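Encoded as structure tokens, the structure appears first; notes follow it.
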Amino acid sequence: MSSKYGAPQPYYPPDWAKELSVIPKTRIKLAQLPTPIHSWSVPGLPDGFQLYIKRDDLTGSTLSGNKVRKLEFIFSEALDQGCDTVITGGGLQSNHTRATAVVAKELGLSSLNILYLPPEKTHESSLSSKEKGNLLLSCMVGATSETVPFLAAETRFKQMEEYMKATSDRLIVKGHLPCIVELGGANPTGAWGYIEAFQEMIDQGILENFDDIVMCAGTGGTALGIGLASYLTGSKLKVHAVCTKAPSTVVATNINKELSKIKKEGMDNHLQCSDIVDLIDLHTDTSIKKEDLDFLTQVSTKTGIILDTTFTLKTVICMLHEMKYNPERFRGQRILFMHTGGLFGLCDGQLDPVLVQTPDTNRIRSIHEFIDVV
Ligand SMILES: *Cc1c(COP(=O)(O)O)cnc(C)c1O
């Protein structure tokens with residue numbers, strides 16, 4: 001196997017994770033690690049709190065965000081099994097399907113993404129010259145995308161499983177060896193991406209320097225990895241995950257399902273999601289409002305950090321709300337926010353009107369207004 005990443009290497013888990021039941025045998029290094037941690041003076045931070053940011057938006061360029069950490073273990077397993085095609089799914093602007101498509105191509109595999117359309121769209125079967133953001137990158141690497149109608153959050157995982165299984169059967173008949181990757185890379189193998197990330201953060205001093213970690217939960221895979229690792233190491237950190245895509249009941253079910261697969265034999269049989277992660281529901285609905293977008297541009301123009309509108313923006317708004325109105329929810333005041341990426345999803349055209357209307361971002365001028373250019 002030759003690619004710029006080389007072959008999968010034997011993987012040895014940290015000592016504190018050795019007893020888990022699904023330990024990957026190999027790992028292929030795809031991400032740019034370790035990602036930095038630095039202080040972050042986000043607008044609106046309540047007095048008393050000190051906020052730092054873990055830059056998992058910097059895990060790579062076309063691979064950036066949290067998914068690539070999971071894919072290091074998932075692709076390693078796929079290569080070890082001799083798969084030639086990777087099947088996965090997500091929304092039209094899914095960061096996960098984009099990262100999967102790029103990694104697949106870099107490793108010489110085919111990739112097929114099943115994408116559910118936004119509610120207002122009922123049909124999408126060819127390039128429409130509107131491909132932007134993540135979808136643009138998937139197209140650029142020649143990934144196949146097959147669209148299905150919008151799927152409600154509550155039934156999405158199950159329906160997607162069925163679509164992916166049927167697609168896999170179709171490819172097997174044609175002589176392929178496909179591998180199905182769960183939505184968001186949320187399976188016991190992928191969970192190791194964030195178990196391993198916790199060790200990276202221990203090496204960066206989080207156990208001494210922080211009281212709480214806050215992140216976003218989509219499938220909950222990232223929160224599971226961090227929460228379980230924090231539990232296994234006996235750390236005093238409190239792990240919070242803001243549920244931006246589905247209600248916490250749905251996320252908890254998902255995390256419990258994965259937890260039961262990865263828990264070691266005989267390990268605290270009652271261990272469940274609520275013991276390892278504090279799931280936080282949004283105090284607003286999931287739709288993005290004008291004031292949210294104003295905050296998004298305020299954050300980027302004041303601090304240079306770019307959040308995304310699907311995951312991290314709502315997470316930060318909700319975190320600040322909890323700090324202000326529910327500070328006892330936090331174990332202490334030294335908070336680490338995990339930036340899980342999502343930059344390309346933001347580049348789907350949604351911000352065009354906002355940038356024009358906001359004086360701080362509408363700063364394109366012709367130099368002719370100021371000097372004579374010959
Ligand atoms: C997928 C994703 C998440 C959610 O991660 P899960 O592990 O699915 O909970 C958060 N932020 C960004 C930018 C993502 O792409």
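Cβ atoms here come from the backbone N, Cα and C positions, even for glycine.
Where the annotation comes from TrEMBL, it is an automatic prediction and has not been curated.
The domain 'Tryptophan synthase beta chain-like PALP' feature in TrEMBL is assigned to 29-341. If you look up TrEMBL, you'll see LYS67 marked as N6-(pyridoxal phosphate)lysine. The feature active site, nucleophile is assigned by TrEMBL to SER94.
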Segment-level pLDDT (mean, integer) for the domain 'Tryptophan synthase beta chain-like PALP' (29-341): 95
Integer Å distance between the CA atoms belonging to SER94 (active site, nucleophile) and LYS67 (N6-(pyridoxal phosphate)lysine): 10
